[in-house]
Structure formats: C-alpha cells, structure tokens
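K.L.:
TrEMBL feature annotations, pasted as is:
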- B:12-32: transmembrane segment (TRANSMEM)
- B:71-95: transmembrane segment (TRANSMEM)
- B:72-261: domain 'ABC transmembrane type-1' (DOMAIN)
- B:107-128: transmembrane segment (TRANSMEM)
- B:140-161: transmembrane segment (TRANSMEM)
- B:182-204: transmembrane segment (TRANSMEM)
- B:210-236: transmembrane segment (TRANSMEM)
- B:243-261: transmembrane segment (TRANSMEM)
Amino acid sequence: MQLPLEKNNKKVVQTKAADINRRKRWITPKSAPYIFIAPTVILLIIFTLYPIVSSFLLSFKTKIAGQYVFSGFHNYIRLFHDPVFYKSLVNTFEILIIQVPIMIFLALIIAVLINSPIVKLNALFRISFFMPAITSLVAASLVFMILLDNNTGLVNYLLSLMGIHKIAWLTQPFWAKVSIIILMSWRWIGYNMVIFLAGLQGIGQDLYEAASIDGAGKVRQFFSITLPQLKPIFVFTVVLSTIGTLQLFDEPYILTGGGPSNATMTITLYLYQNGFKYFDFGYASAIAYVLVIITAILSWIQLKWAGDKD
Amino acid sequence: MKNQYSPVSKTVIYLLLIFGALLSIAPFYWMFVGATNASGDILHIPPRLLPGKHLIENFKNLQESLGMTRIMFNSLFVSLVSTFLSLLICSAAGYAFAKFKFKGRDVIFFAILLTMMIPSQVTLVPLFKLMVALNWLDTYQAVILPQLAVPFAIFLIRQNMLSFPDDLLKAARIDGAGELRIFFTIVLPTMKPALAAVAIFLFMSQWNSFIWPLVVLSSPDMYTLPVALSSLIGLARIDYGQVMLGATISTVPVIVFFLIFQKQFIAGILGGSVKE
C-alpha cells in the first residue's frame, strides 16, 4: 500500500522540479521583459503601426479600375477644392471655439461652488453632474434627438409653456450646431468638473488663510490663488477637449446625420462617409492625415502656451 | 471664513447647483419615462411626465426588431473578453517597463506613448481592409483584437508599478519562483486597486465604443448595443419607446455599477489623470 503512494509522490516532486527547470531555461530575468512586452508590441505593430503607415501610403493613391494606383497629391488637391470638406473643417472649428470655452468655464464654476465650504451634500452634487460622463454617446444622442424634436420634443413643449416659439433644433443649420454644442456640454461638463475638483483639493488651505489675513476677498482669492494654481489642470482639460472635439463623430452621426445641408458635418463624419459609404479609401486616408496634422499643430500650440506662461 | 457668505449668496449658490444638477439628471429621467411608455405617449402633447406600464411591451418590440437579448449578449461578451485580455496584456507590458532594465526599453516605451498622440481615425480604413483580407468582417475578434493593446492603460499601469518594491521581487527570485509565477501571484494581486480602475476604463471604452464596431459589423445579430441602437433611427418610422428602452438598457447597468464603485469609477474614467 505504501510503496505506490511513495512512488507517486516522487513523480510529482520530479515533475515540479522539471517544471521549474524548464521555466528557468526559457524565461530568465533577462528574457522575461521581452516576453512580457511581446503581446503588446505584436498587437501594436499589426493593428496600429501598420495601419498608420498604410493609411499614409493610401492617401497618395486613387482607385482606378478596381486597383489603387499612385496618384501623387491628387487626393490632397481634391480635398483643397472640396466645399464639403471645407465646411466640415469650419464646423469642427466653430464647435471647438464655442463649445470648449463654455464647457470648461461651467465645469470650473461648478467645481468651485461644490468645493466651497458652505455647500453641503457635495457628494450628491458630484454624482449628479458626473452621471452624463458615463453614458454611451450613442444613447445620449438618441435621448437628445427625442428631447429636441421640433414638433414633439419635450424641450419645445417646455419653451412653449414659457411663451417661446418653437425652435427648429435639428432641422435649421444654426440650431443644429447649437444642439450639438448643448449635447456635448451636457455630456462632458461633469467629467471636466471632476478633474477641476481634484485640482482644487490639491491647493493648500494655508494660501487662502494667508490671503484672508491680508484682507483679500473671495473674488480676489479666486483670481489670484485658485486660477493660477489650477493652470496645469486647465491646460490638461483644454488639450483633452480639443482633441476630443476634433474627432467628433457619434453625436452628429446620430443627432443630425451631419445635416441639415452639412451644417453639422465634422471631419471624422466626412472621413467615415468617404471611407465606408463611398468606399473611397484613398480620399478617406487623406482626410485622416489632415486630421493628424491639425491635431499635432493644435496640441503643440496649446502645450507651448502652457509652457510660456509658467 | 464662515461669515464671508451672506444668506443671499448662499441661496443663489444652492439654486444654481440644484438647477445644474437637475439639468444633468433630467435626460436620464426622461429616458426612463420613455422606456416605460408607448411611443404615442412620448409624442403626446402635453407629454406624459410619469413612468408608464409599457416596459415589457417595449422590450418585446425591441426583441422583435433587434433581437435585443442577442445584442445584449454581444456587448457584454465583447466588453468582458476584451477587458480581461487587455488587462492581462497591458499589465504585463506595464510591469516590464516599470520593473526591468532591458535593451531598447525607453525607445519602445516612448514609441508606444507616441501612438497615443495619433487620432485613431487614421487606422480605420487600413484596419477595415485588413479585416477584409483576413475574412474577419462581422466577427467578435474583429471588434476585440485591434483594441487590446491600449497605450494609455500600459502607461497608467507602469506609473503605478514603479512604486512596487524591488526587494520583494528579489526575494521571490532567490526563493526560486519563476518570472511568470512572480507576475501572476505576487505582482498582479498587489496591484488590484490600480488594476480595478484601469479595468473600468477599458470596459467602458469597449462598452460605449461605436465607430469601429459600426465599420466592421454588418449583420444585425452581431451588432453591439450602440450599433444596434443607431440602426433604429434609420427606420422609416422611429418607435420612441423602443429607442428609449434601448438607451436605458445601455446606460442603467453602468449607472448602477457606478453608484456602487464610485471612487474606482471616477479614477477609471479619468484614466488616473487625477489622484484622489
């Protein structure tokens, strides 16, 4: 009875030792890091690096008789003369210039109010304002589409109770843009507010106490302590929001489909249409590279501005 | 400090905050009202402002038009699988970048960070062509695989792992533990709080992901929630009850989860850009 059991145990011990030996042979502290980064590197080469290069090459090619042939700057020249692309650029920048400052301003104000010592229940406020930031953009856009419907939407109904005439939220070029801006602000104010809140909590109370003793009022303290101290956070939110707005897609795709008459056409929406509606891959790739260049320039400017004033 | 606010300014501050908070929450309430009412009730003037009794009927309609249970499964499956794999892959890489010295480490890490600066839209067309070539259109792997190596997640995990004590790793090696074992039984369990936040970040980006699934999925029974919902508005007659219930289904589980794990959630959504 005892003998076989002993044998078995020996076997287990042996295989375990062999296991460790084998592992030691293949994964040494020297080779381990390469094995750990291997999946990431392989995936990034196939699914990021290759597409980035391929897209660049594609942007210089045009489809002729089913084949993509080199056509020099043809796609870029075509973009330059394309009124819809031009419109999408202007729209994206209009939304950027109006929406980002409004959103950042409101996010900052709300953060400061929630952070002030007199406000109780600040956890409840924080949750309420943050909730939009966790919803899917598609779901949010659908709800806003129904809320803003010209004839049957709740918003126009509430406006009519106040004696305000119906607004053609989604069917008039100006108001369609306003609708996109409202939706984006609703979705992202809480997100930015939480970033500001964390920044505010990082400012030492002693700064405020010293200012109080010196007789500085609340408003004065806000401008001479709070704002300068929040500078890095400020830059961070502006850069993030700018990059996000340049890639604006879900909201106009659902809410307005880019219309009316391209009033809400954005760069990414136009890229999508050319790539996956008209299957003009060369042209879509050229749009993508214009987006890359714009993103790079704007990020560079903003980071430089951040560095200069420090 | 206390006396610097007059009762008037106090009231104004509260009114502003309450008004703002209501504006933030109102669309959720309206979504819930819509999900439980028939399409006609939502469009009715004056509109019904209270939840109705059409929840089950709306779900039946949604099941009929979209195959809702299958869609929910697709979204959950894709999000969970990609979160799990991505977390594994990214934490292995983050660990290597934080705790090993090896040739090319800084160059590779910098290159990975650099890819974060490039808008992902650039990869859409070539990735689509790649999926066509692999015959992967309309498959789960087409949705999952390109999203697994997430530079931002690698960066966050690396930052968190920098503070992991080297002595612990040394001791484990002296004890004869293999590198894989050290990673799985010592490093990962210790990093749980940071990994939880990253996992939420990864799950949310996949759950809400829209443009890539929209491009690679073409048959309705493969759709994820956002793609399926977007297909509802293409119909000639939009059933608002269905749309609102669909929107509710894609948001309510996340909200419940958020209310329970608030702290990790905020850290995860902000991608650890904020330390709380």
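From the backbone N, Cα and C atoms, a Cβ is placed for every residue, glycine too.
Tell me about the surroundings of these features in the structure.
P.N.:
With a threshold of 8 Å between CB atoms, the same-chain residues lying at least 6 positions outside the transmembrane segment (B:12-32) that come near it are 5, 51, 244, 247-248, 251, 255.
Proximity of distant same-chain residues to the transmembrane segment (B:71-95), defined by a Cβ-Cβ separation under 8 Å and at least 6 residues beyond the stretch ends, is recorded for 112, 140, 143-144, 147-150, 153-158, 160-161, 183, 187-188, 191, 195, 198-199, 202-203, 206-207, 213, 222-225, 228, 249-250.
With a cut-off of 8 Å between Cβ atoms, the residues of this chain six or more beyond the transmembrane segment (B:107-128) that come close are 93, 97, 146, 151-152, 154-155, 158, 211-212, 215-216.
Same-chain residues lying 6+ beyond the ends of the transmembrane segment (B:140-161) with a Cβ under 8 Å from its Cβ atoms: 74, 77-78, 81-82, 85-87, 89-91, 93-95, 97-99, 109, 112-113, 115-116, 123, 127, 131, 187, 191, 194-195, 197-198, 201-202, 205-206, 209, 212-213, 216-217, 222, 224, 271-272.
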